[in-house]
Every structure is written in structure tokens, then in C-alpha cells.
Amino acid sequence: MAWSPPATLFLFLLLLGQPPPSRPQSLGTTKLRLVGPESKPEEGRLEVLHQGQWGTVCDDNFAIQEATVACRQLGFEAALTWAHSAKYGQGEGPIWLDNVRCVGTESSLDQCGSNGWGVSDCSHSEDVGVICHPRRHRGYLSETVSNALGPQGRRLEEVRLKPILASAKQHSPVTEGAVEVKYEGHWRQVCDQGWTMNNSRVVCGMLGFPSEVPVDSHYYRKVWDLKMRDPKSRLKSLTNKNSFWIHQVTCLGTEPHMANCQVQVAPARGKLRPACPGGMHAVVSCVAGPHFRPPKTKPQRKGSWAEEPRVRLRSGAQVGEGRVEVLMNRQWGTVCDHRWNLISASVVCRQLGFGSAREALFGARLGQGLGPIHLSEVRCRGYERTLSDCPALEGSQNGCQHENDAAVRCNVPNMGFQNQVRLAGGRIPEEGLLEVQVEVNGVPRWGSVCSENWGLTEAMVACRQLGLGFAIHAYKETWFWSGTPRAQEVVMSGVRCSGTELALQQCQRHGPVHCSHGGGRFLAGVSCMDSAPDLVMNAQLVQETAYLEDRPLSQLYCAHEENCLSKSADHMDWPYGYRRLLRFSTQIYNLGRTDFRPKTGRDSWVWHQCHRHYHSIEVFTHYDLLTLNGSKVAEGHKASFCLEDTNCPTGLQRRYACANFGEQGVTVGCWDTYRHDIDCQWVDITDVGPGNYIFQVIVNPHYEVAESDFSNNMLQCRCKYDGHRVWLHNCHTGNSYPANAELSLEQEQRLRNNLI
């Protein structure tokens with residue numbers, strides 16, 4: 001009897017008590033997941049669900065091909081890399097797969113080879129992790145994203161208003177016109193039969209407008225009839241070709257997208273029955289929110305968005321997106337993502353003057369907030385004017401954490417700004433020499449931007465206008481990038497932005513262009529990224545650790561060398577005497593979506609001989625003592641001599657440590673602690689008299705490193721000093737309270753510590 005090689009191998013493995021290599025056939029219908037940082041759903045430990053139990057994958061023979069297949073099965077476009085040796089922590093339960101072998105073209109892991117289910121000689125210290133490209137396949141819905149497109153979303157993906165009246169054509173953005181939908185590459189009309197204001201509300205929401213107004217249908221009907229009587233009219237030609245695609249739409253008005261409405265598609269061409277008998281194209285008129293109205297537009301009536309809303313968005317890269325925060329009990333707080341959906345998210349978007357919600361995001365996808373979690377299980381019906389009108393539970397009732405902070409991405413009007421800026425010469429699409437389009441003598445012209453005064457704030461506006469997220473670098477020299485040959489002329493100079501502008505063209509700039517160094521190699525450039533870190537201080541720790549110390553001058557030589565003492569110390573009789581120091585600890589969290597890293601590499605760090613350490617950021621924090629009217633009476637600063645992960649929450653591992661000239665940074669979710677007993681962790685108040693003051697700490701004060709939100713970089717406390725003792729109270733980050741609450745808090749004496 002002859003034995004074939006496969007049969008021999010099979011029998012041999014059975015004699016050894018080992019099952020043969022197999023291809024797990026059920027994996028195609030079995031779920032995969034990544035277990036890692038909440039703010040980075042595209043990376044983590046790879047786990048597989050088999051027989052109702054989650055298990056891990058061993059890193060033996062795992063490489064980029066296997067990572068690519070896993071990422072593709074998870075809905076991501078590609079894999080960036082993989083991680084071995086349990087980089088994302090050791091898993092629990094079985095190790096389901098070992099020696100996974102893929103070619104790289106498979107659509108799922110079930111098409112790859114392996115040892116078989118549960119057959120492994122690995123331990124959990126070998127659990128593999130993968131890092132996928134954050135961009136998902138078109139149409140793929142993330143488990144942490146609720147997307148607006150419904151079952152017919154592919155056909156109804158694009159909607160626009162085609163202006164008819166001359167006045168509407170001159171308006172930017174277009175707020176009134178005939179509704180058109182794009183189908184098979186062609187724009188089609190929508191019949192007005194049965195058209196309601198609810199339909200208009202949905203269309204306006206999709207286009208980024210918070211509300212709709214009735215149109216003069218009789219006037220538009222006259223225009224329609226007039227054009228239909230003209231045999232040369234393009235409209236008559238389109239109608240004869242049965243260009244209507246949607247015969248009838250029925251919306252409730254709460255839908256975030258027309259795809260969620262009942263849609264009756266018009267009969268195909270060639271049918272005897274006309275698509276819109278006796279009707280015409282549907283016409284809609286929308287009202288733009290305050291961000292998108294022309295400057296001369298009259299303010300809205302009382303009771304509209306002109307009132308300061310009690311909801312805001314934070315840490316979003318684009319206008320109309322961010323973590324949802326609400327104002328309750330005079331304090332800003334977040335919203336838990338339990339039962340968070342597009343209906344509730346749309347109420348937030350419209351309240352802020354945007355359109356309906358494009359996405360409702362869960363799991364702190366746009367960073368974690370601070371302070372209280374005010375709301376949970378928000379249940380809006382869609383007609384509410386504000387989020388506070390919706391039924392909800394208190395956030396503390398169901399154990400929500402800031403890992404569950406809800407966020408939104410709203411529909412915003414197309415202002416055309418993205419077509420007025422571009423990047424040239426970069427290695428990747430997210431970087432390059434900045435080129436803008438401006439009008440010169442009434443003619444649009446492309447050119448470059450002078451780099452004088454160019455900084456991270458201006459670069460942030462540029463990246464936002466480009467739709468590329470946050471700016472991570474603002475380049476003042478761009479000789480290493482070649483621009484577009486016809487855009488070499490400097491057409492914009494003296495750019496100064498506040499950071500809230502939608503486009504560089506809205507920033508302050510020179511009238512006539514004036515670039516003293518003439519441009520050339522000194523042209524503005526940017527590097528953008530879709531996510532950024534976010535540093536926030538622990539206010540309670542500062543308040544609890546503050547005390548006074550009279551420190552002898554003999555122990556302050558190094559601190560004096562690093563300018564950590566007041567100027568009066570220069571005139572003292574060293575080493576005799578002392579300085580009175582207000583000391584405290586600071587704890588700085590990174591609640592963003594990427595690690596906080598120094599601006600420069602290790603080769604550029606400055607060595608300080610006295611303290612014998614490197615400074616990766618020369619001025620990392622400012623410490624100030626202010627009078628109640630804001631005048632500075634004492635100051636201090638702290639260089640970043642050791643930017644590291646002092647500690648991390650359970651489930652995250654420290655990645656940065658300063659020992660042995662190691663890499664510096666703060667991992668997402670971790671924190672860096674500067675204890676009260678280290679040098680320069682103080683404010684020198686030797687020359688300050690008794691009184692009431694404001695104690696202020698600002699981290700990353702010069703914006704040297706990009707962050708998703710700079711408004712929470714400042715911490716303030718009320719400070720009482722009687723000449724012998726000091727009290728700090730009411731410590732809070734700079735944007736925790738509205739302005740009127742700040743004034744009220746200053747009058748309240750909530751003394752929580754008495755540390756001398």
C-alpha cells in the first residue's frame with residue numbers, strides 16, 4: 001500500500017499526539033478585536049473570539065503580512081506594523097492561534113494557515129499586537145462610530161443646492177436652491193410632490209445648516225413655468241430626459257441623513273409614466289449658523305443661537321467636531337456615551353449652529369475630558385432645541401468614566417476654503433510648502449506665504465483649512481521643498497491668527513505684501529496630523545501640596561543659575577540669607593490621542609552642568625503669582641529636564657523614562673509628576689507682601705508642541721498669604737468654569753488645605 005506524503009505526515013502527527021496544521025474555517029465569521037488605548041482604536045493586542053471566548057494570538061512567525069490581513073478584516077485600509085512580546089499587555093484566557101501564515105492578499109485570517117485552534121506552545125508574554133492605518137475602508141462602520149449613511153447611503157451620499165435666483169448664486173455658502181442628489185456620477189433632481197418642511201430640515205442639516213425657512217413656492221413655480229415654455233431651456237431638456245431621480249421623499253425631520261427617510265425612486269427612463277407629473281424640482285432655503293454668516297448679516301432674534309450655548313465642543317481638529325461638554329451647576333463637564341446616538345448628537349450640532357451630526361463617537365475618540373460627567377443615557381427625540389431639553393440621567397448614576405466621553409462630528413457648510421490652500425513639495429500629502437490663493441487686482445492668484453511671524457497657531461489654521469487635522473510643525477524655512485513653479489511669488493505676509501479662524505484668508509495680514517527677507521528659503525510650511533496630545537494638570541494635587549519654605553541661599557546656586565529666583569536675589573550677599581519659596585507638586589496628564597514628545601530630538605537637547613541633566617524643552621511650565629486684576633508680582637518657570645511617564649493607569653505600560661538618556665515623552669493616558677521637593681518647583685515670593693492673589697500655572701506656554709486643546713493648559717487658584725502662611729483654594733483648569741462663575745467663585749471662601 002502506497003502512502004502519499006500528506007497522509008504520512010498526518011499519521012506521523014497523530015502518533016506524536018499533535019493535530020496537523022489546519023486552516024481555522026470558522027474564523028471568517030468569528031470576530032477580531034484590538035485591545036489597547038481607548039483613544040487609539042486602530043492599535044492594540046489582537047484577540048479572536050472562538051467558541052464564545054476571547055483569546056489571543058501568539059507572535060511566532062507573525063509579520064507584516066499577517067498584520068495586514070488582520071487590519072483588513074477589522075475594516076482598516078492597511079497595517080502600519082505589528083508588535084511582539086505583549087507590548088499591549090498580556091491577555092487572558094486561551095491562546096487561540098499560533099504560527100499564523102498569510103500571503104498578505106487574504107481578506108480574512110480564516111484564509112491563512114496556523115497550528116489550529118488552541119494549539120500553541122506560547123505564553124501570554126508572546127501575545128501579538130497590531131497597529132493599523134487609522135483610515136477605514138469606505139462604507140465600513142466602526143464599532144465606535146455611528147455613521148449617518150443608512151441602507152441607501154451609497155445612492156444618497158451627496159446632496160447639494162443648485163441656486164436658481166441671481167442673489168442666491170452670489171451667496172457663500174449657498175443657502176437656497178433646488179435640491180439635487182448625485183447618482184451614478186450625475187446630478188439628478190428631486191420632485192417637489194409631497195415635499196414638506198421636515199424634508200427641508202433634513203436636507204439643510206446634511207448641508208451643515210441648523211434650520212430651514214419656507215420658500216416662496218409660487219414665485220419659483222412662475223420661474224419654472226417660464227423656463228419650461230422656452231424650448232432652448234436646459235431645464236426643459238433635463239425634464240424631457242426624465243432627470244428626476246427621487247419621485248417622493250417622506251422625512252420626519254429628525255433624520256440625520258436623507259438616506260434614513262422613506263424614498264420613492266422615480267421610474268426609469270423610457271417609461272410611459274413621467275417622473276414628476278405636474279410638479280417641479282424641490283426648492284429649499286436654509287439658515288446658516290453664526291460661524292458661516294456674512295459679517296454684515298443681522299443678528300438672530302433672541303432665543304436663537306446668538307445666545308451663548310450651554311454646550312461646547314473640545315479637542316476637535318476641524319470646525320464642528322469635538323468632545324461634547326455641557327455647562328451645569330456653573331461647571332463644564334462631559335457626557336457619557338451610554339445610549340449616545342446620531343439623534344442626540346444632531347441636537348448638539350444644531351444647538352451650536354451646525355447641521356445634523358455626521359458621526360456620533362464613543363469611547364473618548366476625541367480625547368478624555370476633566371471634571372464631572374454631567375449626563376448619561378441622553379435620549380433626544382430630535383426636535384429639541386438644546387441638549388438640556390432631552391431626558392437624561394446624571395453621569396454619576398451608572399459608573400461612567402472619562403474613557404466613555406461622547407463626541408460628535410457635525411455637518412458644516414462648504415465654504416470653498418479648502419480650494420484656496422494647498423501643499424507642495426512634501427514627502428507625504430500632510431506636509432509641504434504652503435501655497436494660498438488670494439485675489440490680486442480682482443484676479444485669483446496662487447502664491448506662497450512669508451514666514452515672518454509664522455507659528456504653530458497660524459499652522460493650526462492652515463491644517464484645519466486643508467482638512468488635514470492638527471499642525472505638528474510650523475516651518476519658517478522650506479528650502480528643502482520645491483513649490484509649484486507658477487506660485488513662487490509671495491502673496492501673503494504678516495499673518496497673525498487667533499486660532500479659531502476657518503481659513504488663513506480670515507486672519508490678520510499685511511495689506512500690501514511686505515516680506516523683509518524676500519521669501520526664497522524663508523517661506524511658510526506645515527506638517528499636519530489627524531491627532532494630537534492634550535496636556536491637562538491635576539488641580540487638586542496643586543491645591544493639596546502647596547506650602548512655604550525659607551530656603552538658604554547656599555542651597556540655591558543651581559536654581560539661581562537657571563533663573564528660578566526673583567531678580568532681587570542677584571543683589572543679595574551670597575551665600576548668606578534665604579529666599580521664601582511657594583512650593584507645590586504638579587501632575588500633568590496626557591489626555592489626547594497621541595504621545596506628547598519634545599519638539600526636538602535628543603541631539604538638540606541642552607546639557608545643564610549644574611544640575612547635570614538635559615533639558616528637552618527649555619520652558620515647559622510657567623508659574624506666576626498675580627494680583628486680582630492680573631498684574632504679575634512673582635514668577636517662576638520649569639524646564640523639562642525629565643519628561644517621562646511617572647505612572648500609568650492599569651492596562652497601560654510606561655514607554656518613556658529619562659534614565660540613561662532615554663526617550664522623553666508622556667504616553668496617552670499616563671502622567672508626569674514634578675514633586676514639590678525638586679529644584680525650581682516653586683515661585684519665589686520673597687518680595688511679595690501679604691494679601692489675596694491668583695496663583696497660575698501654564699504648561700507648554702509657548703505652544704512649542706502641538707496639542708488638540710490649548711484652552712485647558714492653564715490652572716488657576718485663589719491664593720491667600722498672610723506673611724507667614726499660605727492657602728490655595730478653588731484650583732481649576734482655565735476653561736472649567738464660565739466667566740460669570742469665575743467671578744462668583746472668587747467671592748467664595750472654600751479653604752480646603754492649610755499646609756504651612
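Quick reminder: no glycine exception, Cβ is built from N, Cα and C everywhere.
Per Swiss-Prot, the features are as follows:
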- H611, H613, H615: Cu cation binding site (BINDING)
- C71-C132: disulfide bond (DISULFID)
- C102-C112: disulfide bond (DISULFID)
- C191-C276: disulfide bond (DISULFID)
- C204-C286: disulfide bond (DISULFID)
- C349-C410: disulfide bond (DISULFID)
- C450-C515: disulfide bond (DISULFID)
- C463-C528: disulfide bond (DISULFID)
- C497-C507: disulfide bond (DISULFID)
- C558-C564: disulfide bond (DISULFID)
- C642-C648: disulfide bond (DISULFID)
- C670-C680: disulfide bond (DISULFID)
- C717-C731: disulfide bond (DISULFID)
- 32-133: domain 'SRCR 1' (DOMAIN)
- 159-287: domain 'SRCR 2' (DOMAIN)
- 311-411: domain 'SRCR 3' (DOMAIN)
- 421-529: domain 'SRCR 4' (DOMAIN)
- N198: N-linked glycosylation site (CARBOHYD)
- N629: N-linked glycosylation site (CARBOHYD)
- Y674: 2',4',5'-topaquinone (MOD_RES)
- 533-736: region 'Lysyl-oxidase like' (REGION)
- 1-24: signal peptide (SIGNAL)
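A map of Swiss-Prot features onto the structure.
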residue	record	CB count, 10 Å
C132	disulfide bond	26
C191	disulfide bond	24
N198	N-linked glycosylation site	17
C450	disulfide bond	26
C497	disulfide bond	21
C507	disulfide bond	19
C558	disulfide bond	15
H613	Cu cation binding site	16
C670	disulfide bond	23
Y674	2',4',5'-topaquinone	20
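Closest to C717 (disulfide bond) by Cα-Cα distance, out of the disulfide-bonded residues C112, C286, C463, is C463. Proximity note: of the listed disulfide-bonded residues (C191, C204, C349, C450, C528, C642), C642 have a CA within 10 Å of the CA of H615 (Cu cation binding site), given in sequence order. Cβ neighbour count for C463 (disulfide bond): 28 (other Cβ atoms within 10 Å of its Cβ, all protein chains included). There are 27 other Cβ atoms within 10 Å of the Cβ belonging to C528 (disulfide bond). The shortest Cα-Cα distance from C410 (disulfide bond) to any of the recorded positions (C204, C450, Y674) is found for C204. Residue counts for the domain 'SRCR 1' (32-133) under DSSP (helix as H, G, I; strand as E, B; rest coil) come to 16 helix, 35 strand, 51 coil. Every protein chain considered, the tally of other Cβ atoms within 10 Å of the Cβ of C717 (disulfide bond) stands at 20. Only H613, Y674, of the recorded positions C132, C497, C528, H613, N629, Y674, have a C-alpha within 10 angstroms of the C-alpha of C642 (disulfide bond).
In this structure, the C-alpha atom of C112 (disulfide bond) lies 36 angstrom from that of C648 (disulfide bond). Cβ neighbour counts within 10 Å, taken over all protein chains shown, single out C349 as the most crowded of the disulfide-bonded residues C112, C276, C349, C564, C731. For the domain 'SRCR 3' (311-411), DSSP puts the residue distribution at 19 helix, 34 strand, 48 coil. Of all the recorded positions in the list C102, C191, N198, C204, N629, the shortest Cα-Cα distance to C463 (disulfide bond) is found for C204. In three-state terms derived from DSSP, C497 (disulfide bond) belongs to neither a helical nor a strand segment and is classed as coil. The disulfide-bonded residues in question are C102, C286, C515, C680, and the one with the fewest Cβ neighbours inside 10 Å is C515. Per-residue pLDDT, averaged across the domain 'SRCR 4' (421-529), gives 90. With respect to Cβ neighbours within 10 Å, the disulfide-bonded residues C71, C410, C642, C648 differ, and C648 shows the lowest count.
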